[in-house]
């Protein structure tokens, strides 16, 4: 008697132990992973943690379409902007096809960020009139730059540029020096080993040593600029945030730029070429030269002409006045130097770029600035206090909802409710762990609607158990004993659960794809819990039921088991049917009921 | 439990049943009435669109404000030049809504308000929305609704059949209409949260419907091989036998939402939690109603138009008439009692025992006669 039972239990009843072990291992592994990764709580959304959330909608300008590439570039640029404000952990991400959400944690200047983020930035090529490492203690310059940098320790723009001009000449090759400085060199003259001997100090700079302004006469302005330049300390984020932003394209300005993690400050002449005059820029890998990654630019016809003019002009100068600064949003993103006029509308910027750097620079050059213009749709600021309270209320509501569900299940299903509760618990643990892990993985943040979704999901999860339990009870009502009832009920319940969960999942998926922002968090949670519901029911609830069906408490239909055939109204005469159908009633074929 | 369990058992056996299908005209009538009321309400009263749909700002103060609502209303009006709605929330904080404020001006208003209320501006939460935001959400919602409906109809048509897909769709539209109608009639404010809730009803409303349809599909698998029940009879039996399940799933789904609505909402006053849970609550209740009273009867109605089902009905009716003529009332009693022991599907063909058993059970009663 015992042997056949065992045999059937192991083979036919789909090895309940194995699934249980599987899911337990999964839980333990994921929980362990969660603790190892150090992300033991879900990342909270801005509405719960406090901060400012800005939703921007892209508007297509003439000529630029709203597409993924453009949106990604915009996110990239915005990211630079908000983080340029000294904001830590600010987040910029696309949502849907045409929205960008900027989340700025509490404690930063959200107003400034708000102004910065959506405005269309400008990209210009400006001639460099003076530059030097910025900050009191020049942060340990690398040998080759040091000669240039320390050669002119005085903050004043060196009148002749001679001192600086020596630095590249001392360097083994202009290319090397350029790269060590993080500067780029026009490829046109890369082969030219000697730095341009054309170096008669430019008329402009020699004219007024203290005023780098190329437009003589505006002395007051020049003095002001000079004072600004002297006072500027680019190592301070606050100063960086202010500087350069207001610079009009037609006037000289001061600016900051980071080169090899060293901040430089610049005095820049009026914009020579507009970023919009770059037709195309791309990062390419130079297989022939040793220069590696470089950026290739193509100008529009007017841009090509202007670029030829400015490079022709610059090439006559000594460093740093033979450089032009590529200025984005007032920051110098790159300052390649020029060694001869570049005509023909094609230019390459080389330097020891990494692939990423080259690509990022080419992106900026290609799009000039934000490729799209944006419109502010919502701005939400939440203090953490209120967010915390909402979270508390949500969690309280969830707990109470859960208690109510448990009370109902206990009252109605008695012993079976233990299975339901255990399954709900497993489901809850899995949801929590996955949410915590998804924070760092895909940037999932638990916002208020998502909390709502999780609470609503309690109902969805419990629904599946009810479908299964009712099925089992139906089988018992037909006079089956528990074990066959559990197995026969499963295929039917399984189908119902799958079909209805699929519909729920479909709704969540459509919501997730179509909507934006808050709604997405909600939809994501719903979809996640629906999937977890299926996993839990298949790998946990069903195997657990199979195991419990062997226990006498349940199998004998104890009054408190929730499976008492008498109170379920099973008809005694039907006990006859059990025998003929019993043996053939494999777990597989649900032919009868 | 035992009472409910008994009811479940009796429903299962068909001892107790409510004639959902037979009385469908009544329920159709009720639903049409509700729908008309909802549409009228929508047309006459319109929806109370929240600030997200007209643009404006919502400020929320920290708890324990000394200023009175009227006072704050005045402050807000002075600061913005627009009408302001001020509500006291459950936790003692104030919610100040100012419509028609653009995002540019709101910061100024915020500063002024903070000064008037003697607050650190940092402590004053602001939620600023451009008018296009709500529109955007609403548009996306409609879009989502349309996509979902198309997909779900296709899916249900494949998983079940097109009649069920149509019936489910009608039920879904019905639920949404009722929910929107209640919003219009009661004048609840429509916020993006409401829209989220409404969209969630999509999946949920169909859950119960799908459960009933699944049982219906199963029980009518071999319907043409018998002559005892019409499609409607079986449909009615499916509703009854899944009734306990439907009630349980609905109750269990409603409990957390109710918790969210009454506890979460009550604790904080108006807010996202409340908005979502309110529309969910209304929609879930409507969804349970429609899956039982509308969707399944509708399937039966559609199905009975099929020639095969018409023929079956004729045969069943003929057989019943014959039986009635031959064996008087007793036989008919056993016929209604029958679906019980054949288990849910008294119909299913392959099971051979059911026939002999029926005969066996029929005979003694016949003998007794």
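Cβ coordinates are placed from backbone N, Cα and C, and glycine is handled just like the others.
Taken from TrEMBL, the feature transmembrane segment applies to B:26-44 (among others).
Under the heading domain 'Protein export membrane protein SecD/SecF C-terminal', TrEMBL lists B:111-304.
Sequence annotations record features per position, and here TrEMBL assigns transmembrane segment to B:141-158 (among others).
According to TrEMBL, the transmembrane segment annotation covers B:165-188 (among others). Residues 31, 34-35, 37-39, 41-42, 45-48, 145, 149, 152-157, 194, 198, 201-202, 205-206, 209-210, 213, 278-279, 282-283, 286-287, 290-291, 294-296, 298-299, 302 of the same chain, all 6+ positions outside the transmembrane segment (B:165-188), place their C-beta atoms under 8 angstroms from a C-beta of that stretch.
Summarising the annotation, TrEMBL assigns transmembrane segment to B:194-216 (among others). Only residues 6 or more beyond the boundaries of the transmembrane segment (B:194-216), in the same chain, are considered here, and those with a CB under 8 A from a CB of the stretch are 50, 137-138, 141, 144-145, 148, 152, 156, 160, 164, 167-168, 171-172, 175-176, 179-180, 183, 188, 234-235, 238-239, 241-242, 245-246, 249-250, 253, 275-280, 283-284, 286-288, 290-292, 295-296, 299, 344.
Marked as transmembrane segment by TrEMBL: B:251-270 (among others).
Taken from TrEMBL, the feature transmembrane segment applies to B:276-300 (among others).
Marked as region 'Disordered' by TrEMBL: B:323-369.
The compositional bias 'Basic residues' annotation in TrEMBL covers B:358-369.
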Cβ under 8 Å, sequence separation of at least 6 from the ends of the transmembrane segment (B:26-44): give me the contacting residues as numbers and ranges.
20, 174, 177-178, 180-182, 184-185, 290, 293-294, 297
Are there residues at least six beyond either end of the transmembrane segment (B:276-300) with Cβ under 8 Å to its Cβ atoms? List them, or say none.
20-21, 24, 27-28, 30-31, 163-164, 166-168, 170-172, 174-176, 178-179, 182-183, 188, 193-198, 200-201, 204-209, 211-213, 216, 231-232, 235-236, 238-239, 243, 246-247, 250, 253-254, 257-258, 260-261, 264-265
